[in-house]
Amino acid sequence: MTARLLWLDVARGLAVLAMLAFHFGWDLGHFGHIDPEIPYTDAYKAFGHAIAASFLFIAGLSLTLAHGTVFRARAYWRRLALLVGAALLVSGGTYIAFPSSFVFFGILHCIAAASLLALPFLFLPWPAAFAAGFALVAASFFARASVFDTPWFWWTGLSTFEPMTNDYRPLAPWAGALFVGVGAAKLARLRPAAVANSPHNIATRSVAFLGRHSLALYLVHQPLFFAGFTAVAMLTAPMHNARFEEACRAQCVASGASAQKCETACDCAAREAAREDALPDAATDEGRARLERIARACVIK
C-alpha cells in the first residue's frame, strides 16, 4: 500500500468512526435512552452533514487517484455496480423497516450518481471540477422551483421542501462535495507535498482497516445497532415494568386512593403497557400521553 493510499484509507476510516458515533447517538434517542429530540437538533444535524460531506469528498479523491491518469473501465464499472447494488439494498431494507420514510436517495445513491457525472471531469483541468462542485452547491440555494416538487425529481435536491426520509443526500448540493474532491485530488497531484506520509503504527493501521471496509461497515452497522438495542430492551423490560408499576402506585396513593385500588389499577396499567410495548417511548411526550391513557383506562375498570 502506498503512503498516499494509506492516508486516504485513514481519512475514510475517521469518517467511519464519526458515522458510527452519529448513528449510535441517533439510536440512543430512538430507543429512549436519551432525549429523543437530541438527534433532531441543529447541532446534531450539522454533525451528520459534516460526516456525509467528508465521505463524498473522499470519494472524489479516491475516484481521481484511481482513474485520473488512466481510466480503468473494468474497475470503475465494477465499483459503480457495487455502489448501486448497496444503495438498492439500503432502499429495500429501509422500506421494510420505515415504509413512510425509507431512503430513496441517500449517501450511497449520491456517491453512485455523482461518480458517473464526474467521470468527464477526471480528464479536465482541476478548476472545472471545482466550478461544477460549487455550481451544484449554489443550485441548492438559487435554483429551487415547484416543478421539482414531484417525487420523480426529489433526487435533484431542487424541490421547494425536504421530503420525509431517513437519509436525504440529493445531487444538489451533496454531489458538489465529490466534485470538489475530484478537483482537490487533481490539484494535489500538481503539488505532491500536499499529501503527507502517514505513520505505520497500529492505530493508523486500525483506522485504515475501517476505511478499506467502509461500505461493508455502512451496510451492517445499523442492523447490528438495532439488534443490540432491541435485545437490551427485551432483557430490561421486566425491570422497566417493575419501576413503572412502583412509580404508578406511589402517584396513585399520593392522590388519595386506597392502596388496594392502586395496586389493582397499576398492575393492570403495567400489563397493558407491556402488551402495547409503550414503555420504550416513555421519554417522549407522545409516549407519556399513551401511558396516561392506559392508566386512566385501568382506573375506570
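In case you wondered, yes, glycine gets a Cβ from its N, Cα and C as well.
Features of the protein shown, as given by TrEMBL:
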- 4-223: domain 'Heparan-alpha-glucosaminide N-acetyltransferase catalytic' (DOMAIN)
- 7-26: transmembrane segment (TRANSMEM)
- 46-68: transmembrane segment (TRANSMEM)
- 80-98: transmembrane segment (TRANSMEM)
- 104-123: transmembrane segment (TRANSMEM)
- 130-148: transmembrane segment (TRANSMEM)
- 168-188: transmembrane segment (TRANSMEM)
- 215-235: transmembrane segment (TRANSMEM)
Problem set entry | Sequence-remote partners of the transmembrane segment (80-98) [C-beta within less than 8 Å, at least six residues beyond its ends] | 104, 106, 108-109, 111-112, 115-116, 166-167, 215, 218-219, 223
Exercise. In the same chain, which residue numbers or ranges, 6 or more beyond the ends of the transmembrane segment (168-188), come under 8 angstroms Cβ to Cβ?
Worked result: 52-54, 56-65, 68, 103, 105-107, 109-111, 113-115, 117-118, 121-122, 125-130, 132-137, 139-141, 143, 154-158, 162, 194-195
Problem set entry | Average pLDDT across the domain 'Heparan-alpha-glucosaminide N-acetyltransferase catalytic' (4-223), rounded to a whole number | 92
